[in-house]
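Comments concern the structure below.
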Amino acid sequence: MATSVNKIGHWKRKELWFLVIYAILFYVIIINRSLQLSRDYYKQLHGLRPGWLIAHYLNDVSDAQWRNLRGNIPVLTLVFAIFTLLANFMRAFNLRVKGMSIVWLLFSLAYLSYLHGACIVFILSIATGNFLLVKIFAQKEYFPLVVWSYNILFLLCNRIYEGYSFSIFGQQWAFLDNYRGSFRWHICFNFVVLRMISFGFDFHWSYQNSHFDQEKHYQHCHICKSGKSCYQVLQERSLHNDNFGYITYLCYLVYAPLYIAGPILNFNAFASQIDVPQNTNSVRNVTLNGFRWVLSLLLMELMTHLFYYNAFANSDLWKHLSPMDVFIIGYGVLNFMWLKFLLIWRFFRFWSLINGIEAPENMPKCINNCHNLEGFWKNWHASFNKWLVRYIYIPLGGSKKKLLNVWVVFTFVAIWHDLEWKLLSWAWLTCLFFIPELVLKSAAKAFQAQSSFGECIFRELSAVAGAVTITCLMVANLVGFVVGPSGINWLLSSFLNKEGLPVLGGMLMTFYVGTKIMFHIDEAKQRSP
């Protein structure tokens, strides 16, 4: 038996060397071709600006979200500094929940006035209506229907009417349309909707017995064993009704560090940390988070100076490229999106951490280290995933109705992002790709390898399944965020022909290799103490 184990270990080490060499060659080819594409087509691309990091290179700032964040970093940093100094100064007076809520609310409202101008009235009006509904119907059986209907209604109306015009309430108010601030309020309000629902259900559940086994959790959680409180405990622990006041509620909805983009924090966790600041992240860890963010920013600047992936995606040029080049651009766009959102979310999370409020990490794993759909969505916008599980997935029946629940969850995700057919197409494609994965996972749990050979075969089949899943994930995201539903036929016709089939085969082989490397990473983590 020991000899067999040693042989497997020796074979795996040899396999790892081959996989790493393949991966290095893959990235050499990808980088070289990406540089060539950028050099050949830069004159035909839009959204390129003079660069600063590398002489004589243009910078791809064609993505509106990235351009806005990048251009506003100085202003955001100034607001960050003022808010942090004020918050830490006021904490020195040992203010309790209500006192700190008032301080943060006043500062956050000043911040919102700069962002949205007179439109802050819309935010406060809708939020107040939600608060009243929650307080009136919290103990009713039909409470979920009331809260969901109210919030979905405004989520849709805000988009349809583009944040409303003051003139629809009478011409005497039309002059306020000249004071709408610098940022569209109804875009940020999508996050406020999630917080309003969170507040409502956390208050509703405070009247019920909690199903959270705190003692069992403490036995397995290394953070709680050390005497600290992890995020899950803060989220699941019911609060006294005094914590569900109007001031704390408004403070939660418009809390400046997390207002624009999250991460999404549930009400219980937020209210718990107003009184007792987070203690799971040391000063050293928080400082390291800030340093890593600066390094990630420099990496993004280097990437957008050298590779114009997003500019290609926004143009029609990619339709005239070879299947290999389309794959490279698609792969590059997904990595660009991952790094963009990582920078956005980690900036605001860092700001919140410094002020004593811990929010979940939105990108705990690299995009290139996920080989199944379930794992990918747990690690892409992870705080939203936690929110969806808590407020939609579990109330609908959880894993008992998983095949049905994913359709509801992803349809909501699509509508929450925007009212576009391409996002609904993305959501439903993802659900379709989820079905075979869930079936295979159920079969895998029932399968027990009886020999080393059987274990090897199972591992190989899992790697093949991982390669297919990553390909499906790429297709779904390209349809949702690049080519749209009308581009599905074009993608199929491009890759299912004489020129495209070898590229498709190479993609599957590369993703197979990538999945095997992920297996080695997971095994190394399991071996580490």
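Including glycine, each Cβ sits where the backbone N, Cα and C put it.
Marked as transmembrane segment by TrEMBL: 16-35 (among others).
The transmembrane segment annotation in TrEMBL covers 73-90 (among others).
Per TrEMBL, the feature transmembrane segment maps to 102-127 (among others).
Summarising the annotation, TrEMBL assigns transmembrane segment to 142-161 (among others). A Cβ distance under 8 Å defines the sequence-distant neighbours of the transmembrane segment (142-161), meaning residues of its chain 6+ beyond its ends; these are 126, 129-130, 133-134, 186, 189-190, 193, 196-197, 200-201, 204, 395, 415-416, 418-419.
According to TrEMBL, the transmembrane segment annotation covers 182-201 (among others).
Taken from TrEMBL, the feature transmembrane segment applies to 246-269 (among others). Beyond its flanks by at least six residues, the transmembrane segment (246-269) meets 79-80, 83, 97-98, 101-102, 104-105, 107-109, 111-112, 115, 123-124, 127, 131, 183, 188, 191-192, 194-196, 198-199, 202-203, 231, 234-239, 344-345, 348-349, 351-352, 355, 357-362, 382-384, 386-387, 390 of its own chain at Cβ-Cβ distances under 8 Å.
Residues annotated as transmembrane segment in TrEMBL: 290-308 (among others). Counting only same-chain residues 6+ beyond the ends of the transmembrane segment (290-308), those with a CB under 8 A from a CB of the stretch are 34-35, 37-38, 41-42, 45, 48, 51, 53-54, 57-62, 66, 332, 335-336, 339-340, 342-343, 346-347, 350.
The transmembrane segment annotation in TrEMBL covers 328-348 (among others).
As annotated by TrEMBL, transmembrane segment applies to 402-417 (among others).
If one looks beyond the transmembrane segment (423-440) by at least 6 residues along the same chain, the residues whose Cβ comes under 8 Å of a Cβ in the stretch are 372-374, 402-403, 406-407, 410-411, 413-415, 417, 465, 469, 472-473, 475-477, 479-481, 484-485, 488. Residues annotated as transmembrane segment in TrEMBL: 423-440 (among others).
Taken from TrEMBL, the feature transmembrane segment applies to 461-483 (among others).
Per TrEMBL, the feature transmembrane segment maps to 503-521 (among others). Below 8 angstroms of C-beta separation, residues 12, 15-16, 19-20, 22-23, 26, 322-324, 327, 368-371, 459, 462-464, 466-468, 470-471, 495-496 of the same chain, each at least six residues beyond the ends of the transmembrane segment (503-521), sit close to that stretch.
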Distal contacts, the transmembrane segment (402-417) - CB-CB under 8 A, six or more residues away: 152, 155-156, 190, 193-194, 384, 388, 392-393, 396, 423-424, 426-428, 430-431, 434-435, 438
Region pair the transmembrane segment (182-201) / the transmembrane segment (328-348), three or more CB pairs under 8 Å: no
Long-range environment of the transmembrane segment (16-35) - Cβ separation under 8 angstroms, sequence gap at least 6: 306-307, 309, 324-325, 328, 331-332, 510, 513-514, 516-517, 520
